[in-house]
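**Q** Got a structure for you, questions after.
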Amino acid sequence: MNDKFFIDKTKEILKTYNLSPDKHPPKLSKEEAIKIINTLRELINYHDYRYYVLNQPVISDAEYDAIYKFLKSIEDNYPDLITPDSLTQRVSSDISSTFPQVKHLAPMLSLDNTYNEDDLRDFDRRVKELSGKEHIEYCVEPKYDGAGISLLYENDLFVRGATRGDGEVGEDVTKNLKTIKTIPLRANFSKQGIRLLEIRGEVIINKDDFKKINEERMAENLPPYANPRNLAAGSIRLQDPQEVVKRPLTALVYQITYVEPTNNMPKTHYGAIKMLHDLGFKTPFLDMKLCKNIQEVIDYCRYFESKRESLPYEIDGMVIKVNDISLYDELGFTSHAPRWATAFKFKAKQATTIILDVIFSVGRVGNITPVAKLEPVSLGGVTISSVSLFNEDFIREKDIHIKDTVIIERAGEVIPYVVSVVKEARPKDAKPIVFPKYCPSCGSKLVKAPGEVAWRCINISCPAQVVLRIRHFASKDAMDIKGLGEAVAQLLYDAKLVKNIADIYYLKFSDLVRLPRFAKKSAQNLIDAIEASKRRGLARVLYGLGIRYVGLTTAKKLASYYKDIWNIVKASEEDLRNIEDIGDIVARSIKEFFGLEQNINTIKRLEEAGVLLKEVSEAVSNKLAGLQFVFTGTLSCCTREVARQMVESLGATTSDSVTHHTSYLVVGQDPGATKLRKANMLGIKTISEEEFLRLLEDSK
């Protein structure tokens, strides 16, 4: 069917049914509805493709709205005719409180970077040496500056969308991604013999849309968003899909990473992108070039760099991929990146502006950071109004004054940085930046350790630090207390309920329910999450305490070596240095932390509250390895969080939603109808609480 068919059919339906967006569509009989509903879906899909992918609409917005409204009215009248790939299902009214974690079928790895022609020639040389081939064909395409996503299609249907996460596991944001009209809800992969397919992509916001959003925010006296990438990433993680649909998001796909059956994987990257393009996805196909040698690659990268400012979207470089997919296994991967692809990074953008003032912020461990307030300047489509000056030494080295004209640069398209001062433009009333001697938050005297560059506030009760410490203690890698983010931490601190991390474990339901933002359910959820966090173990507690230089890896080594927090408290610096990767600075920092009486008091209060301060193994056994559990309803034996910990200690994983990866749905009292219905539809085994407990007992 060609364009003329779709255009003529649209006009025919508009005329036959007298459709208009400001009129109620006619109510059809079910027989009439069945006859026309698939035609309407095909028409809307076609017009979405013309508008969002090709940017070449062939009907007016009013005509589009009219046929969309007609389809919606039919589905409202006959809900049994709704299908998962219907275009009306892009927006769900459900508001999620959390995003379940999902494992990517293929890891979402980073790319190694190249910055000049010599780097690109070295990449070409390595590819030829590893492959044993004299001639290599490359695909070169823009490197979009957005939020990474993976899309999963099964039997032609879009069944799951996820964020990049840590590369192995991301967050399930399917409902939000369904609102993006450049993501087809159905694509005819079965025509290519493909049953299951995972695609990589990027969610972006065009420069003009980003500029308009920020202009509207500033008109309402709201702070502008920092850059399109952060706004796109934040948008796909909004809790309400109805809010996501209001954002001007575009999704582009640029890589097929997994296919079943595997022998139906396209033979070339160029062929894979063309297939996606032909199936209605927005891809880099029209901007992609097939290059016969590395000189053609270099020439195309330079050409695209020269036109980057005229592009409607932000790019920070080009991606070069070996075209022959059969070479990918042979070329292999490093620990973090494929050897068959590389990114060519463009030179950073620069602009000049004036330093209006300098303020001093207090970090979680007390570091004082000078932040320059700038005369707003546009740099690569982003308005820059502030920039970190890092520390006192940086200010002295650059000889930065208030009212100086400075050259700033956006490295990697995101982080603004002061490159130099234009000293010839320094006005007579320019003032040197005076570093404070006392904390701007609590007034305590600042200290600087020998050999270090940072001035620090060492008052553990400093208000600016306390809120950040609470947030860090509750973070995912620490105690993982769901619902205790920065806003709630600030609320609890302002209400004088939590002045110290140990206070978290003495909160009561009655304390929370009287606060703004807390209803009975959210208050109980937080109390349950706090209770569940008590069993996280020593490594997570150590990391959560926020000891300077003690990250999660070091915390795990300390826990593994000492087993109990009181052994660490008693350890000497010399003892601590016996542990791998712990040197003088880290050992001294640990001793200083445990040498403060208020920190010892905090640990005692954590212990009295029942927080486990001994080492726990991540999994007691692997009897349930490979299984995934989902819980619905109320369990009488324990909270859901505790139940999750029980199965995870036996090697299983958990999720908040039922998918084809689910092994068991554990059903408690008053279960959710949606999870039960989906489990039944997918053939997932459901078990009662009693069966669940027997399964745990048998697995110990």
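Going from the start of the chain as shown, residues are counted 1 onward.
The backbone N, Cα and C atoms fix where each Cβ goes, glycine too.
Remember, it's a predicted structure, so these values are computed and weren't measured experimentally.
Pasting the feature list from Swiss-Prot:
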type	residues	note
ACT_SITE	LYS143	active site, N6-AMP-lysine intermediate
BINDING	ASP61, ALA62, GLU63, TYR64, ASP65, SER110, LEU111, GLU141, ARG164, GLU202, LYS321, LYS345	NAD(+) binding site
BINDING	CYS439, CYS442, CYS457, CYS462	Zn(2+) binding site
DOMAIN	619-700	domain 'BRCT'
**Q** Among GLU63, LYS143, LYS321, these being the recorded positions, pick the one whose CA is nearest to that of CYS462 (Zn(2+) binding site).
**A** LYS143
**Q** Using Cβ-Cβ distances, find the residues under 8 Å from the residue listed as 'active site, N6-AMP-lysine intermediate' that belong to the same chain and are at least 6 apart in sequence, listing them in sequence order.
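**A** Result: ILE315, ASP316, GLY317, MET318, VAL319, ALA343, PHE344.
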**Q** When you measure from the Cβ of LEU111 (NAD(+) binding site), how many other Cβ atoms are you left with inside 10 Å?
**A** 18
**Q** Hey, of the binding-site residues listed (GLU63, ASP65), which one tops the CB count within 10 A?
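**A** Counting every other Cβ within 10 Å of each candidate, the maximum falls on GLU63.
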**Q** In whole Å, note down how far the CA of CYS439 (Zn(2+) binding site) lies from the CA of GLU63 (NAD(+) binding site).
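**A** Distance between the two Cα atoms comes out at 62 Å.
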**Q** Taking only the residues in the domain 'BRCT' (619-700), give me the average pLDDT of this model.
**A** 81
**Q** Going by Cα-Cα distance, which of the binding-site residues (ASP65, LEU111, LYS321) sits nearest to CYS442 (Zn(2+) binding site)?
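**A** The answer is LEU111.
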**Q** Which state, by DSSP, holds CYS462 (Zn(2+) binding site): helix, strand or coil?
**A** coil
**Q** Do you know offhand how many angstrom separate CYS439 (Zn(2+) binding site) and LEU111 (NAD(+) binding site) by C-alpha?
**A** 41
**Q** What count of other C-beta atoms do you get within 10 angstroms of the C-beta of CYS442 (Zn(2+) binding site), across all chains shown?
**A** 16
**Q** Roughly how many angstrom lie between the C-alpha atoms of ARG164 (NAD(+) binding site) and CYS457 (Zn(2+) binding site)?
**A** 36
**Q** Need the DSSP three-state call for CYS439 (Zn(2+) binding site) to compare against my parser.
**A** coil
